[in-house]
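First the structure, in the form of structure tokens, and then the observations on it.
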Amino acid sequence: MPAAIVTEGPSGVAVVDLPPTSPLENKISEKDENAAAAEAGDTTGGGAAQPSEAVEIIARWNSPPINKYRTLATFWSFFVLELHYGLNYTVVSLVFLTPFVGYAIASAVNNLVHVHFGQRGVAFMAPLCHFIPYLIFSFHPPYPVMIVMYVFVGMGNGLADAAWCTFIGQMANAHEMSGILQACYALGATIAPLIATALAADGGPGWWAFYWVITSASAVEFFAATSTFWSQTGDVYLAENPMESGGKSGRTRASIKNKLTWLFAFFVFGYCGAEVALGGWIVVFMTRIRGATSIAGGAAATGFWGGMTAGRLFLSLLTARLGEFWSMILYLGLTIAFELVFWLVPNMIASAVAAAMLGLVMGPMFPAAVVLITKVLPRSLHVGTIGFATAFGGSGGAILPFLAGAIANNKGVQALQPYVLAICIGLTVLWAFVPHSRPKNALD
């Protein structure tokens with residue numbers, strides 16, 4: 001059935017017709033029509049609109065009913081998004097760096113995709129940017145082909161990152177939902193190396209077989225995302241995220257000109273750099289400095305990523321209670337404390353526990369930052385800001401660990417921890433300049 005949404009703008013209330021929904025959405029809408037009407041307070045049974053004042057309704061993960069399936073699709077997308085890093089830690093050099101070129105491209109076109117194609121465009125393009133390269137990788141292409149294809153992987157990551165972080169961050173209970181979304185990301189980082197190692201072991205099908213796993217996962221991502229977001233066109237996006245001028249252009253420019261965008265971007269840059277530098281160098285630090293076996297060092301790294309998954313799942317409740325600003329101060333303070341333990345206490349068990357605790361307290365930082373930025377910036381700037389910040393932060397996830405490796409080569413592995421500690425202190429100083437809430441005179 002045709003659908004419409006009601007929006008309130010400078011010229012009054014307007015009804016925007018939506019295109020026909022996908023087959024899946026039609027089935028969901030028909031099944032839950034009465035439940036949705038009852039939830040909205042409609043007792044007539046016919047869904048007739050009653051005269052009332054227009055109010056802003058914040059979407060929930062289960063309301064409207066289609067959001068249940070959209071939310072699950074975004075969770076799966078973030079799980080797929082992180083899976084390829086299980087191979088990147090093995091295949092280094094340009095294969096590790098080129099996805100961030102794709103991230104940069106995504107940050108430049110994110111707003112254009114949303115304005116012209118809406119979330120439907122992201123749901124179609126991002127999974128294809130995963131599926132096609134992974135399918136090609138499954139057939140052992142030449143190394144230069146891999147380099148080019150990983151640019152498309154990064155572009156898919158950047159599109160999905162900005163779109164789904166914004167979609168979840170604008171919901172009611174944003175902390176809990178963003179925590180689950182980012183936990184799916186961390187879960188991919190936790191299990192991907194385990195799967196890749198098992199496939200590459202003696203008697204296994206081989207290291208390249210892992211690409212068949214993520215090709216299949218990307219196919220599921222494509223079906224889930226396109227079927228649930230098919231009705232979210234560019235017109236719907238413009239109606240839900242209007243600019244003050246009412247125009248389609250200028251959103252990317254407005255995002256980049258906003259000082260909060262740069263504060264958020266530099267914070268994500270440092271956060272991603274600290275996260276990857278810690279997670280990527282734990283095994284080396286544990287084996288060379290703490291004398292651990294390779295198995296024990298790998299277990300410590302798994303503890304770090306497992307702790308990050310748990311932190312994003314469970315500490316979101318604490319974030320919601322304390323507020324984004326003060327909870328971030330708490331998490332950063334605990335990160336500095338556990339980093340000092342990891343660095344200065346010369347005990348393998350203490351270091352392994354500290355690594356897990358570092359993952360735990362660092363886990364909720366990114367979701368909290370995303371939720372706060374959606375509160376202090378107008379809706380029309382959310383996609384552009386988050387897209388730019390994740391691309392900028394992605395470069396931090398490549399540049400800062402690269403510098404960590406250079407420091408380790410020149411000064412020794414023991415020099416890594418004061419380097420990470422300095423990044424965390426810098427993040428604390430930077431966060432102090434982030435506003436607690438949106439200014440009252442801010443315009444959307």
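The backbone N, Cα and C atoms fix where each Cβ goes, glycine too.
As annotated by TrEMBL, domain 'Major facilitator superfamily (MFS) profile' applies to 56-438.
Feature annotation from TrEMBL assigns transmembrane segment to 86-109 (among others).
The transmembrane segment annotation in TrEMBL covers 121-139 (among others).
According to TrEMBL, the transmembrane segment annotation covers 145-168 (among others).
What TrEMBL records for 180-201 (among others) is transmembrane segment.
As annotated by TrEMBL, transmembrane segment applies to 207-230 (among others).
Among the features that TrEMBL reports, transmembrane segment is placed at 260-283 (among others).
What TrEMBL lists as transmembrane segment is 295-318 (among others).
Marked as transmembrane segment by TrEMBL: 325-345 (among others).
Within its own chain, the transmembrane segment (351-373) is flanked in space by residues 165, 169, 174-175, 178-179, 181-183, 186, 260, 264, 267-268, 271, 274-275, 278-279, 282, 285-286, 290, 292, 296, 299-301, 303-312, 315-316, 318-319, 324-325, 327-328, 331-332, 334-335, 338-339, 341-342, 345, 382, 385-386, 389, 434, which lie at least six positions past its ends and keep a Cβ under 8 Å from the stretch. Positions annotated as transmembrane segment by TrEMBL: 351-373 (among others).
When Cβ-Cβ distances below 8 Å are used as the criterion, the transmembrane segment (385-404) is approached by residues 96-97, 99-100, 103-104, 106-107, 110-111, 154, 157-159, 161-162, 165-166, 169, 252, 255-256, 258, 260-261, 264-277, 280-281, 370, 373, 377, 416, 419-420, 423 of the same chain, each at least six residues removed from its ends. Sequence annotations record features per position, and here TrEMBL assigns transmembrane segment to 385-404 (among others).
Same-chain neighbours of the transmembrane segment (416-434): 260, 263-264, 266-267, 270-271, 273-274, 277-278, 281, 285, 325, 328-329, 332-333, 335-336, 339-340, 342-343, 372, 376, 400, 403-404, 407-408, counting only residues six or more beyond its ends whose CB sits under 8 Å from a CB of the stretch. Under the heading transmembrane segment, TrEMBL lists 416-434 (among others).
Distant neighbours of the transmembrane segment (260-283): 89, 189, 294, 297-298, 300-301, 304-305, 308, 355, 358-359, 362, 365-366, 369, 373, 376-377, 381, 384-385, 388-390, 392-401, 404-405, 408, 413, 416, 419-420, 423-424, 426-427, 430-431, 433-435; these residues of the same chain sit at least 6 beyond its ends, with a Cβ under 8 Å from one of its Cβ atoms. When pLDDT values are averaged over the domain 'Major facilitator superfamily (MFS) profile' (56-438), the model yields 83.
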